[in-house]
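Visitor: Just passing along the structure, written as structure tokens.
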Amino acid sequence: MLCAICNVSSGNCAEDCAYCTQSAHIKADIPKFKQKNLEQILNEAKIASKNYALGFCLVTSGLGLDDKKLEFICEAATMLRKETPNLMLIACNGSASYESLKELKKVGIFSYNHNLETSREFFPQICTTHSWDDRFNTNLNAKKAGLELCCGGIYGLGESQDDRLSFRASLKELNPFSSPINFFIPNPALKIKQPLLSTDEALEIIRDTAKTLPQCRIMVAGGREIVLGDRQYEILENGASAIVIGDYLTTSGEVASKDIEELRNRGFEFASQCH
């Protein structure tokens, strides 16, 4: 399964997540803009569809889904359901109430992405402006609203093996439809100063996640190209069944045509429906 990301709004986030270059607490050299227009979003959706993406995720920066943001995401989703009906729409808009998530469900959003990021115990070391429990509760709200969950996190922040076990146990409790795995990429502007994970450790993380969540679609996302390099397609032999195709929020991804060619050469077919 291939999924693409649309960075609807970028940067200037008031939260202090230590792994994120979109935080206004640091000065990272990233694109910053308030909001893409509907035409830009539609163009990206059409490109994603041509690249065999099944999922298309509408991502906004900031703490949560306020009324103004909700209205725009609903407008964008309504347009995309009409213009690109083959895409399964995912929303990633931060903390959200049950009532707001019900509105997303009504306009055809299939899944809500809100990552736990790491263990409950380790989270205070990487973020102080909101709590891990806020994230967990938003996922509960999404389930209650009838949305599928897309919930995962990021590895390589300095967390311990016990943290990883605790994190995956929490994911198992939520039982998400899909679970993205991101690998931390160092950036001089970030407070976290951790080296890249080794390729072998990254593949082990994927295997361990797949064992913990056997019914879940394990998606390898940010850091795939840099951490795994020329071994990146081994993820599909180690428990992953989905990848993000194209660019990420603030970093470039693998060239889509290369991913498509490499996957085809390995005998993979691209999913045309979520199941």
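Using the three backbone atoms N, Cα and C, a Cβ is placed for every residue, glycine included.
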Visitor: Which of these, C57, C74, C127, does Swiss-Prot list as part of the [2Fe-2S] cluster site with C92, C150, R217?
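Guide: My reading of Swiss-Prot gives C57 as the candidate in that site.
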Visitor: Write down the Cα-Cα distance for C13 ([4Fe-4S] cluster binding site) and C92 ([2Fe-2S] cluster binding site), rounded and given in Å.
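Guide: Here the two Cα atoms are 14 Å apart.
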Visitor: For the C-alpha pair, I'd like the distance in angstrom between C150 ([2Fe-2S] cluster binding site) and C20 ([4Fe-4S] cluster binding site), rounded off.
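Guide: C150 ([2Fe-2S] cluster binding site) and C20 ([4Fe-4S] cluster binding site) have their Cα atoms 19 Å apart.
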Visitor: Starting from each candidate's C-beta and looking 10 angstroms out, tell me which of the binding-site residues C13, C17, C92, C150 has the most other C-beta atoms.
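Guide: Counting Cβ neighbours within 10 Å, the top one is C150.
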Visitor: Residues other than C57, C92, C150, R217 within 8 Å, Cβ to Cβ centroid, of the [2Fe-2S] cluster site?
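Guide: Other same-chain residues with Cβ inside the cutoff are C3, G55, I90, S111, Y112, N113, S178, P180, M219.
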Visitor: Counting across all protein chains present, how many other Cβ atoms fall within 10 Å of the Cβ of C57 ([2Fe-2S] cluster binding site)?
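Guide: C57 ([2Fe-2S] cluster binding site): 26 neighbouring Cβ atoms within 10 Å.
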